[in-house]
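Read through the structure below, which is laid out as structure tokens, and then see the notes.
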Amino acid sequence: RVNPSNRLLFPPQLRWKPFEIPRADNQKLDFVSGLHTVCGAGDARSRNGIAIHMYTANTSMIDRCLYNSDGDFLIVPQKGKLLILTEFGKMLVEPNEICQGIRFSVEIFGESRGYILEVFGVHFELPDLGPIGANGLANPRDFLTPVAWYEDRTVPGGYTVISKYQGKLFTSLQDFSPFNVVAWHGNYAPFKYNLENFMVINCVAFDHADPSIFTVLTAKSLRPGVAIADFVIFPPRWGVADHTFRPPYYHRNCMSEFMGLIKGHYEAKEGFQPGGGSLHSVMTPHGPDGDCFEKASKAKLEPERVADGTMAFMFESSLSMAVTKWGLETCQRLDKNYYKCWESLKSQFNPSKKDVGK
């Protein structure tokens with residue numbers, strides 16, 4: 001389930017309906033047993049690449065914990081709170097927050113669903129701010145680490161330690177809790193971050209700025225400005241640009257874009273729902289649907305609030321991703337009519353028009 005090597009090549013635009021959470025009375029799934037790989041690129045053995053997973057859970061991990069030998073998990077809850085137990089302490093993580101654990105167990109409260117971005121070989125860090133200066137985007141002070149906590153508990157029935165190693169899961173049993181650490185030293189620790197603390201930098205004149213201005217965390221490649229993975233959000237903000245098309249314009253580029261929606265309504269796509277996703281691969285064209293184009297083209301360009309009550313995000317990568325069989329077939333959530341959202345678009349070219357650019 002968490003092995004991105006079982007991939008299928010599929011270049012068109014893809015969209016998934018919200019991934020279903022099984023009912024607890026039919027099938028009990030915790031964070032690990034409900035974890036599935038949607039797409040990925042590269043290879044954990046060479047320590048270069050990424051994988052994108054979905055988790056759906058209806059029960060807590062009982063006397064079970066997970067650690068990842070392949071890389072880092074960036075967890076983005078979409079539905080349901082997570083109480084994450086780590087060797088460093090506990091973190092209560094809610095939708096609209098993100099977190100990263102090291103060796104951890106997950107307790108849930110009811111049904112839970114969310115997204116995971118995994119990077120191999122590199123770590124997530126704050127992006128370089130360049131001309132923005134010392135402050136802006138995600139500020140270091142807003143990243144929280146747990147308060148020290150431990151448990152000294154024997155487990156006669158056995159405590160299961162799960163290791164994710166080269167895309168496969170391995171287990172071992174021990175008779176005590178692994179969270180018996182009373183102190184730690186180093187610079188690698190779990191964290192959580194509330195996306196509401198993101199300080200938006202936005203366009204105030206004309207045009208639609210590159211989504212890199214919405215980068216929360218990045219996993220850098222050896223080429224400056226071209227990331228192995230970026231975690232980008234589209235939070236509530238003001239739209240004030242004049243003489244322009246305000247929604248994200250039609251484009252294709254050198255990055256693969258996996259989008260998810262935590263809550264609300266994404267302004268550029270009518271059929272995009274919380275708990276679902278979309279994938280636009282390298283050089284595959286995409287952009288607003290037909291309805292969005294019509295509304296934005298006719299709208300009066302005056303200051304307006306954008307994305308209130310909404311939090312969309314993007315896992316963006318310079319790597320060319322392939323989709324797993326689970327993502328294309330098994331999950332049965334693929335929206336096979338996604339391409340139709342652009343069918344109503346008509347050519348707007350008029351060679352006789354004289355005021356182009358004014």
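Keep in mind that glycine also has a Cβ here, set from the backbone N, Cα and C atoms.
Note that the structure is a prediction, hence the values are computed from the model and not measured.
Quick look at what TrEMBL lists:
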type	residues	note
DOMAIN	10-195	domain 'Homogentisate 1,2-dioxygenase N-terminal'
DOMAIN	197-349	domain 'Homogentisate 1,2-dioxygenase C-terminal'
ACT_SITE	H208	active site, proton acceptor
BINDING	H251, E257, H286	Fe cation binding site
BINDING	Y266, H286	homogentisate binding site
H208, H251, H286 as recorded positions, winner by CB count within 10 A: H286
Cβ-centroid neighbours of Fe cation site H251, E257, H286, 8 Å, sequence order: P248, Y250, R252, N253, H280, T284, P285, G287
Other C-beta atoms that fall within 10 angstroms of the C-beta of Y266 (homogentisate binding site): 21
Nonlocal residues around E257 (Fe cation binding site), in sequence order (Cβ under 8 Å, 6 or more apart): S278, L279, H280, H286, M314, F315, E316
Integer Å distance between the CA atoms belonging to H208 (active site, proton acceptor) and H251 (Fe cation binding site): 11
Predicted model, mean pLDDT over the domain 'Homogentisate 1,2-dioxygenase N-terminal' (10-195): 95
